[in-house]
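Copied over from TrEMBL:
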BINDING   G10, P11, A12, A13, A14, G15, K16, S17, T18  ATP binding site
DOMAIN    6-219  domain 'Cytidylate kinase'
Amino acid sequence: MKKINVAIDGPAAAGKSTVAKRVAEKCSFIYIDTGAMYRALTYKALEQKIDLEDGPKLVDLLLQTKIELEPADKGGKVLVNGEDVTKEIRENDVTNHVSIVSKHSGVRKLLVERQQQLSRQGGVVMDGRDIGTHVLPNAEVKVFMVASVEERAKRRFEENLQKGIQTDLEKLKEEISLRDKLDSEREVAPLQKAIDAVEIDTTSLSIDEVIAKIIELIEERS
Ligand code: C5P
(Lines of atoms letter the chains of each structure in order from A and count residues from 1; the text may use other names and numbers.)
(Lines give C-alpha, C1' and ligand atoms only; values in the text may rest on other atoms or scores of the structure.)
Protein backbone atom coordinates (compact mmCIF):
# COMPACT_ATOMS: atom_id res chain seq x y z
CA MET A 1 0.00 0.00 0.00
CA LYS A 2 1.35 3.45 -0.97
CA LYS A 3 2.48 5.52 2.05
CA ILE A 4 -0.16 8.24 2.00
CA ASN A 5 -1.19 10.52 4.88
CA VAL A 6 -4.56 10.19 6.57
CA ALA A 7 -6.08 13.05 8.60
CA ILE A 8 -8.82 12.24 11.10
CA ASP A 9 -10.54 15.13 12.83
CA GLY A 10 -13.65 15.55 14.91
CA PRO A 11 -15.06 16.60 18.26
CA ALA A 12 -14.12 15.20 21.66
CA ALA A 13 -14.75 11.52 22.38
CA ALA A 14 -15.92 10.72 18.83
CA GLY A 15 -13.76 7.58 18.85
CA LYS A 16 -11.05 9.07 16.65
CA SER A 17 -8.05 7.58 18.45
CA THR A 18 -9.46 4.03 18.64
CA VAL A 19 -10.27 4.11 14.93
CA ALA A 20 -7.06 5.88 13.87
CA LYS A 21 -4.91 3.39 15.80
CA ARG A 22 -6.61 0.39 14.20
CA VAL A 23 -6.50 1.90 10.70
CA ALA A 24 -2.78 2.58 11.12
CA GLU A 25 -2.21 -0.99 12.29
CA LYS A 26 -4.08 -2.47 9.33
CA CYS A 27 -2.16 -0.34 6.80
CA SER A 28 1.21 -0.58 8.61
CA PHE A 29 1.15 3.20 8.91
CA ILE A 30 2.29 5.22 11.94
CA TYR A 31 -0.40 6.52 14.29
CA ILE A 32 0.12 10.01 15.70
CA ASP A 33 -2.13 11.26 18.50
CA THR A 34 -1.81 15.06 18.37
CA GLY A 35 -4.21 15.50 21.29
CA ALA A 36 -1.66 13.70 23.48
CA MET A 37 0.84 16.49 22.72
CA TYR A 38 -1.55 19.24 23.89
CA ARG A 39 -2.41 17.08 26.89
CA ALA A 40 1.26 16.53 27.75
CA LEU A 41 1.91 20.28 27.77
CA THR A 42 -1.23 20.87 29.86
CA TYR A 43 -0.05 18.26 32.36
CA LYS A 44 3.32 20.03 32.71
CA ALA A 45 1.69 23.48 32.97
CA LEU A 46 -0.67 22.31 35.73
CA GLU A 47 2.21 20.63 37.56
CA GLN A 48 4.22 23.85 37.46
CA LYS A 49 1.15 25.96 38.29
CA ILE A 50 1.59 28.12 35.21
CA ASP A 51 -1.22 30.53 34.33
CA LEU A 52 -2.97 28.77 31.44
CA GLU A 53 -4.02 32.11 29.95
CA ASP A 54 -0.35 33.11 29.60
CA GLY A 55 0.57 32.04 26.06
CA PRO A 56 4.25 33.17 26.12
CA LYS A 57 4.87 31.32 29.41
CA LEU A 58 3.36 28.16 27.90
CA VAL A 59 5.59 28.55 24.85
CA ASP A 60 8.65 28.83 27.15
CA LEU A 61 7.54 25.70 28.94
CA LEU A 62 6.99 23.87 25.66
CA LEU A 63 10.48 24.81 24.46
CA GLN A 64 11.89 23.08 27.54
CA THR A 65 9.61 20.07 27.24
CA LYS A 66 10.47 16.97 25.27
CA ILE A 67 7.28 15.16 24.29
CA GLU A 68 7.72 11.65 22.94
CA LEU A 69 4.98 9.46 21.52
CA GLU A 70 6.08 5.84 21.45
CA PRO A 71 4.88 3.92 18.37
CA ALA A 72 1.74 1.90 19.16
CA ASP A 73 3.57 -1.42 18.60
CA LYS A 74 6.27 -0.39 21.11
CA GLY A 75 3.72 0.27 23.88
CA GLY A 76 2.28 3.61 22.79
CA LYS A 77 3.44 5.42 25.90
CA VAL A 78 3.53 9.21 26.14
CA LEU A 79 6.73 10.50 27.72
CA VAL A 80 7.38 14.03 28.93
CA ASN A 81 11.06 14.73 29.56
CA GLY A 82 11.44 10.96 29.93
CA GLU A 83 8.57 10.63 32.47
CA ASP A 84 5.76 8.23 31.59
CA VAL A 85 2.56 10.32 31.73
CA THR A 86 0.34 8.05 29.61
CA LYS A 87 -2.28 7.70 32.35
CA GLU A 88 -1.98 11.14 33.89
CA ILE A 89 -2.73 13.01 30.66
CA ARG A 90 -6.16 11.29 30.45
CA GLU A 91 -7.20 12.39 33.93
CA ASN A 92 -10.01 14.90 34.45
CA ASP A 93 -7.82 17.77 35.49
CA VAL A 94 -5.88 17.66 32.23
CA THR A 95 -8.98 16.92 30.10
CA ASN A 96 -10.84 19.89 31.53
CA HIS A 97 -7.98 22.36 30.99
CA VAL A 98 -6.45 21.24 27.70
CA SER A 99 -8.71 23.44 25.53
CA ILE A 100 -7.39 26.55 27.30
CA VAL A 101 -3.78 25.59 26.60
CA SER A 102 -4.49 24.64 22.99
CA LYS A 103 -6.07 27.99 22.07
CA HIS A 104 -2.72 29.86 22.14
CA SER A 105 -1.21 30.55 18.72
CA GLY A 106 2.42 30.17 19.90
CA VAL A 107 1.71 26.75 21.38
CA ARG A 108 -0.05 25.60 18.22
CA LYS A 109 2.70 26.88 15.94
CA LEU A 110 5.36 24.81 17.73
CA LEU A 111 3.27 21.66 18.01
CA VAL A 112 2.07 21.85 14.40
CA GLU A 113 5.73 22.08 13.28
CA ARG A 114 6.54 18.93 15.28
CA GLN A 115 3.50 17.15 13.85
CA GLN A 116 4.42 18.10 10.28
CA GLN A 117 7.96 16.87 10.80
CA LEU A 118 6.64 13.51 12.00
CA SER A 119 4.58 13.07 8.84
CA ARG A 120 7.17 14.15 6.29
CA GLN A 121 7.87 10.58 5.12
CA GLY A 122 4.16 9.79 4.60
CA GLY A 123 2.39 6.68 5.85
CA VAL A 124 0.87 8.44 8.83
CA VAL A 125 -2.60 8.37 10.39
CA MET A 126 -2.93 11.51 12.48
CA ASP A 127 -5.92 12.45 14.62
CA GLY A 128 -6.84 15.79 16.14
CA ARG A 129 -8.92 18.89 15.46
CA ASP A 130 -7.01 20.78 12.76
CA ILE A 131 -5.19 18.02 10.88
CA GLY A 132 -7.10 18.24 7.61
CA THR A 133 -7.33 22.03 7.74
CA HIS A 134 -3.86 23.07 8.99
CA VAL A 135 -1.39 20.31 9.85
CA LEU A 136 -1.73 18.14 6.74
CA PRO A 137 -3.74 20.22 4.24
CA ASN A 138 -2.45 17.93 1.46
CA ALA A 139 -3.36 14.65 3.16
CA GLU A 140 -4.66 12.20 0.57
CA VAL A 141 -7.48 11.06 2.87
CA LYS A 142 -9.35 13.37 5.22
CA VAL A 143 -12.07 12.15 7.52
CA PHE A 144 -14.28 14.17 9.84
CA MET A 145 -15.82 11.89 12.47
CA VAL A 146 -18.95 13.05 14.26
CA ALA A 147 -21.45 11.53 16.71
CA SER A 148 -24.17 13.01 18.89
CA VAL A 149 -23.02 14.34 22.25
CA GLU A 150 -25.31 11.81 23.99
CA GLU A 151 -23.66 8.93 22.18
CA ARG A 152 -20.13 10.25 22.84
CA ALA A 153 -20.85 10.75 26.54
CA LYS A 154 -22.36 7.26 26.75
CA ARG A 155 -19.29 5.70 25.11
CA ARG A 156 -16.93 7.57 27.45
CA PHE A 157 -19.11 6.54 30.42
CA GLU A 158 -18.89 2.87 29.44
CA GLU A 159 -15.16 3.11 28.74
CA ASN A 160 -14.67 4.56 32.22
CA LEU A 161 -16.83 1.82 33.79
CA GLN A 162 -14.61 -0.82 32.17
CA LYS A 163 -11.61 0.88 33.74
CA GLY A 164 -13.41 0.77 37.09
CA ILE A 165 -14.03 4.54 37.13
CA GLN A 166 -17.51 5.76 38.11
CA THR A 167 -18.60 8.93 36.30
CA ASP A 168 -21.72 11.01 36.12
CA LEU A 169 -23.22 10.78 32.61
CA GLU A 170 -24.77 14.28 32.72
CA LYS A 171 -21.48 15.79 33.89
CA LEU A 172 -19.62 14.00 31.09
CA LYS A 173 -22.10 15.42 28.59
CA GLU A 174 -21.52 18.93 29.90
CA GLU A 175 -17.72 18.56 29.86
CA ILE A 176 -17.69 17.19 26.32
CA SER A 177 -20.00 19.99 25.09
CA LEU A 178 -17.85 22.65 26.72
CA ARG A 179 -14.66 21.25 25.19
CA ASP A 180 -16.32 21.16 21.75
CA LYS A 181 -17.46 24.76 22.17
CA LEU A 182 -13.99 25.99 23.17
CA ASP A 183 -12.28 23.99 20.39
CA SER A 184 -14.76 25.16 17.72
CA GLU A 185 -14.89 28.81 18.72
CA ARG A 186 -11.21 29.54 19.29
CA GLU A 187 -9.53 32.01 16.95
CA VAL A 188 -6.60 29.88 15.84
CA ALA A 189 -7.23 26.69 13.85
CA PRO A 190 -10.66 25.91 15.30
CA LEU A 191 -12.24 22.49 15.01
CA GLN A 192 -13.72 22.53 11.53
CA LYS A 193 -14.41 20.05 8.78
CA ALA A 194 -12.01 20.57 5.87
CA ILE A 195 -13.92 21.22 2.62
CA ASP A 196 -12.43 18.07 1.11
CA ALA A 197 -12.99 15.85 4.16
CA VAL A 198 -15.44 12.95 4.15
CA GLU A 199 -17.82 13.18 7.10
CA ILE A 200 -18.61 9.94 8.89
CA ASP A 201 -21.40 10.01 11.47
CA THR A 202 -20.48 7.19 13.83
CA THR A 203 -23.58 7.50 16.07
CA SER A 204 -25.09 4.27 14.80
CA LEU A 205 -21.97 2.60 13.39
CA SER A 206 -19.70 0.06 15.04
CA ILE A 207 -15.96 0.67 15.28
CA ASP A 208 -15.36 -2.01 12.65
CA GLU A 209 -17.79 -0.33 10.25
CA VAL A 210 -16.03 3.03 10.63
CA ILE A 211 -12.63 1.39 10.11
CA ALA A 212 -13.87 -0.38 6.97
CA LYS A 213 -15.12 2.92 5.50
CA ILE A 214 -11.76 4.61 6.09
CA ILE A 215 -9.77 1.69 4.67
CA GLU A 216 -11.97 1.89 1.58
CA LEU A 217 -11.06 5.58 1.18
CA ILE A 218 -7.36 4.78 1.64
CA GLU A 219 -7.51 2.02 -0.98
CA GLU A 220 -9.31 4.32 -3.40
CA ARG A 221 -6.69 7.03 -3.03
CA SER A 222 -3.43 5.14 -2.77
O1 C5P B 1 -8.00 14.37 20.98
P2 C5P B 1 -8.02 14.75 22.44
O3 C5P B 1 -9.39 14.76 23.03
O4 C5P B 1 -7.04 14.00 23.26
O5 C5P B 1 -7.53 16.27 22.43
C6 C5P B 1 -7.42 17.00 23.62
C7 C5P B 1 -7.53 18.49 23.31
O8 C5P B 1 -6.36 18.94 22.63
C9 C5P B 1 -8.70 18.94 22.44
O10 C5P B 1 -9.89 19.13 23.18
C11 C5P B 1 -8.17 20.25 21.86
O12 C5P B 1 -8.33 21.31 22.76
C13 C5P B 1 -6.69 19.98 21.73
N14 C5P B 1 -6.31 19.58 20.38
C15 C5P B 1 -6.15 20.56 19.43
N16 C5P B 1 -5.68 20.25 18.19
C17 C5P B 1 -5.39 18.98 17.88
C18 C5P B 1 -5.57 17.95 18.81
C19 C5P B 1 -6.06 18.28 20.06
O20 C5P B 1 -6.41 21.73 19.71
N21 C5P B 1 -4.91 18.71 16.66
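Quick reminder: no glycine exception, Cβ is built from N, Cα and C everywhere.
When the binding-site residues A12, A14, T18 are checked against ligand 1, A12 have a Cβ within less than 6 Å of one of its atoms. A12 (ATP binding site): 23 other CB atoms within 10 A of its CB, across all protein chains. Of the listed binding-site residues, namely G10, A14, K16, T18, the sparsest Cβ surroundings within 10 Å are found at T18. For the domain 'Cytidylate kinase' (6-219), the model's pLDDT averages out at 96.
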